[in-house]
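Database features (TrEMBL):
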TRANSMEM  24-46  transmembrane segment
TRANSMEM  67-85  transmembrane segment
TRANSMEM  105-125  transmembrane segment
DOMAIN    169-274  domain 'CAAX prenyl protease 2/Lysostaphin resistance protein A-like'
TRANSMEM  192-213  transmembrane segment
TRANSMEM  233-254  transmembrane segment
TRANSMEM  286-305  transmembrane segment
Amino acid sequence: MGTAISVERQEVEQEQVVVGGGGLSATAAVMGCAAMAVFYVAILYAPTLILRLPPPDSYKSFMIRRFICAAISSLVSIFASALILPLRWHAPDVSSAFGIRFDHLWQALILPLSLTSLMYAGSFVQKCLHLLDSWEQHRNYGRNVTIEWISKVQDKCIDLMLTMPSNISVWRNYIVAPITEELVFRACMVPLLLCGGFSTYTVVFLGPIFFSLAHLNHILEYYFQKNRSLVKASMAAGFQLGYTVIFGSYASFLFVRTGHLIAPLVAHIFCNYMGLPTTFSRRAGVVSLAFIAGSLVFFWLLFPLTSPHLYNDRMHSCKCWHRYCTWS
């Protein structure tokens, strides 16, 4: 009887990995993350600098070439992470390590998106004010406001749907960039750092450094392609680096708390669409009030809406990359 209990306990202990370390050294984790960040940027320039391909004849072909490079980088990073991480090579283990899951999907889609939208309360109020202005102008001209406004919105939606498939910028901002960046900088790097023994908050704030460094190449693009001075290029790139660190920390937070890759992905797409949050408006102080109120509610709901219990049925038998098991 005692022997059976002992054997069963040993099997449970073998299945459970102590959260916080998985036999992976911190040095190996950091070096792996740094290599993936460098590779993600370097491969973008491989077609012209290494393969010596002729320059693309249009912006669309230039972006398609970059899309292919980003996809290759993502696949290589996933494969490399799978080799480094202490996981067993079967589909559930591999997919869960990278947060690619289909359980609790609606929670991972709706709750983080709703939480993120709170930071844009000022932007939404400003858009409503513009809408009211347009409504007032139409009414002053004696037009049927409701019917004309509905028709205009309908036409814009149809135009957007028709132009989206052929708009290369839409593919870049809302599909390729968010997916590849979240795969590399969240799905691949965060598990490595967690299994390397780093604390939760260290991972949340350390991972985005790799994310921001991967955007340093924009200094060269601002300087050479947009003909800006080195000072202006550095300032523009520095502002972008600061924003990527903040967003990267938030995206890493969502990924660790929920265990779902889709959570930071929808936040990434939404933020790319909305741009920077509107914090003030010269014509209406209500925009600033809305931003402050939205921010306060955001921080109030930050932990409740990302509670791991909302996204996971089981909080046991966790691997080293399932830090949400001890962060409830």
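Keep in mind that glycine also has a Cβ here, set from the backbone N, Cα and C atoms.
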May I ask for the residues of the chain that lie six or more residues beyond the transmembrane segment (286-305) and have a Cβ under 8 Å from a Cβ within it? 111-112, 114-115, 118-122, 124-126, 129, 277-280
Note the mean pLDDT of the domain 'CAAX prenyl protease 2/Lysostaphin resistance protein A-like' (169-274), expressed as a whole number. 84
